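J.: Let me begin by handing over the structure; questions about it come next.
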Amino acid sequence: MKTTIKKGKTDFKLAMVLLFPSLFLLLLLVAYPMFSNIQISFFHLPINPRLDSTFIGLENYINILSDIEFLKSLGLTVLYTALAVGGSTVLGLLVAIFFNRPFMFRKTARSLIILSYVTPSISLIFAWKYMFNNSYGIVNFLGGDVFHLFKQAPLWFDNPVSSFILVVIFAIWRYFPYAFISFLAILQTIDSSLYEAAEIDGASAWQKFKIVTLPAIMPVLITVITLRSIWLFYMFTDVYLLTNKVDILGIYLYKTAFAFNDLGQAASISVILFIILFIVIIAARKRVNFNGNG
Amino acid sequence: MKIKSLSLLLIIMFSIVLSACGNRTTTDDGRTIVEFMHSSVEQERLAVINKLVAKFEKENPDIKIKQVPVEEGNYNTKVVTLARSGNLPAVIEVGNDYAKVMEKDELIDRKSVNKVLDQVGKENFYEGAIDLLRTENGKSYSGVPISGWVQGIWYNKEMLKAKGMEEPKNWEEIMGVAKEFTDKGSKKYGIAIPTVEGPFSEQGFSQFALSNNANVFNNNGDLMLNTPEMNEALTYYKKLSQYTMPGSNDTTEIKDAFMNGTVPMAMYSTYILPSVFEEGDANNIGYIVPEQEQKAVFGMVSALTISSGLEANQKEASEKFVSFMSEPENTTDWVLMSPGGAQPVNKQVTDNPDYQSNEVVKAFGNLSTEIAASFNDIQAFGLVGGKNYLKMGDVTSSGAIPTLINNITVGKSGIKSELKKAEKTIKDALEKR
């Protein structure tokens, strides 16, 4: 008994020593900014640190939660995230299933698929802006001058509805390769005998997918959806550079923090966003367990 | 006990790291460090600044200039974050619009700036340019001007000549030329003007509004957006937008349209000139300023400012550095980092032989002089009777004017209703101050 306790103590010491660098970095890079952010959210903070900050309690939170623009922005972000995550995951899965078989130039085709994911955002955004340019974009040229689909060229990024549809399509196209790579990796681990057995039992393609594929890919599916939801919920660059007609939360936050230099209010927005996302993720993970029996 | 020791160690290390993030004011060999933040990140520009810094350090061996080049897109964000963390560089290149934001938060050492301006001589700067840096009380300045750019309507001389048209001078003539050249079926338009929901539209429209005596504030600083003069300017701008390219036009669309001959006239800054020079078209471009009741040029001035809260030795060293950079030959080198685009705001630079002999400046002949002179006609929203109202920064940040322009031109909304909406947005933004 004595020996066991002694051994436990030694392990603890060693564990602490080994954990120290990670704990230190976590405190420095994650915990300190996080607590600082929470603290700032209760203040009216001038940019100049030599001027006095004013403690205003929950005023920043009340202002944000009663701002109709924030609520509109939140609704828009939820819709954007849901459509883009759903679209990119489904497209990634379909392409991965299609590519999970031998064919000529398979490696080259796989490399080409991930192009949109590995190309820098700024190049893609400018390419899209030129494609949909009102005067000389190829989309209006083909639709109007070549195929005569419309008489007057639509102002793609000037209309809130078409702008929203385009930023969602852009996100699906840009991020589906991430889902594709993840799903292809897990699909290759599924034993082909399971499909053969299902075929012998007379299962249709949909039944094979539902009974064999879906349970096998479920852990990856959950991870892909969770991570992509977090990333898209906080999206800023893609949408901000493509159009100014879609004010998702990332843009609302940026405008508050840097256009009006209201750092306290911006900090309170980020705390609210964190709480919303935290609840959504926890609820989603409880609803669907990793064994695919959700 | 062990956990307590570990926590203590973590806190000590944490404090050491955080305190090490502060700024050093002297080097190991005792030289005073002056951090200099600017937006010239390109290799060729950095080479020019390195040369100027080396020259200064040779003349002042007790001072070390530490450059902080920051890309333009992140510049203002960086100023905010550095200021908040108490690490704002001693000398900062700043535009006249952002100087207002810094001024509002007392980040500028006015006394130091005025001291340098007295040494350099305020009378050497173009009046319109230095006026943009006046503080709200009109008695002080927020920076020492180093370069600037102006915006106006550029026109293609050959295209106008081919239709037998003269250089348009006033609102009516500009509208006439624009109408004449517009042929929407062939995707040809008369003029490229900004209609985007962004700062460019506010800048472009301000020239028309101010030329019709419509400002955002009156002499007492009261909001005066909904006036007959402003209504008239908006009505004109909306009508003129019938002859511009469809949709939201920003800098890229406008520059492209002018350079590829889609339009004979375009509203743009002097930064169109380097591209015109590269195309070998320097003799074929003319410059006009919209005129109605008066001439109104929109322009921005880039200045060097000294941040507040510096230690005495840093403050003195910073004053020396800004003073050195404001010497005509050094400012000439600075302006010539982007010949044609950046314009001199100091008359001594315009007269400097190095400036005059530059191939780009020479190529544009009299146009260079005409542009330099237009600095005297600079007007800006919020600059009334020698007072530069700081709250104009909040008006611009609210985005109310660009939204108004975009809604009436691209969205085809009514002027009266949009003007009321803009007025409300501005009032709300001003109340939050």
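The backbone N, Cα and C atoms fix where each Cβ goes, glycine too.
Keep in mind that TrEMBL annotations are predicted by a computer and have not been checked by a curator.
Checked TrEMBL, it gives:
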type     : residues  : note
DOMAIN   : A:74-284  : domain 'ABC transmembrane type-1'
TRANSMEM : A:12-35   : transmembrane segment
TRANSMEM : A:78-99   : transmembrane segment
TRANSMEM : A:111-131 : transmembrane segment
TRANSMEM : A:164-190 : transmembrane segment
TRANSMEM : A:211-234 : transmembrane segment
TRANSMEM : A:263-284 : transmembrane segment
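Distances, neighbours, how buried they are, the whole picture for these features please.
T.: Below 8 angstroms of C-beta separation, residues 95, 99, 137-139, 157, 166, 170, 173-178, 180-181, 237-238, 241-242 of the same chain, each at least six residues beyond the ends of the transmembrane segment (A:111-131), sit close to that stretch.
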J.: In terms of Cβ proximity under 8 Å, which residues at least six beyond the ends of the transmembrane segment (A:78-99) contact it?
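T.: Answer is 106, 109-110, 113, 164, 167-169, 171-172, 174-180, 182-184, 187, 209, 213, 217, 221, 224-225, 228-229, 232-233, 235, 239, 246, 248.
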J.: Should anything in the same chain at least six residues away from the transmembrane segment (A:211-234) have a Cβ under 8 Å from its Cβ atoms, list it; otherwise answer none.
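T.: For the transmembrane segment (A:211-234), the sequence-distant neighbours (Cβ-Cβ under 8 Å, at least 6 residues beyond its ends) are 77, 80-81, 84-85, 88-89, 92-93, 97, 171, 175, 178-179, 182-183, 185-187, 189-190, 194-195, 198, 203, 249-250, 273, 277, 280-281, 284-285, 288, 290-292, 294.
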J.: Same chain, outside the transmembrane segment (A:263-284) by at least 6, Cβ under 8 Å from its Cβ: which residues?
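T.: Same-chain contacts beyond the ends: 37-38, 40-45, 47, 56, 60-61, 63-65, 70, 74, 222, 225-226, 229-230, 233-234, 249, 252-253, 256-257.
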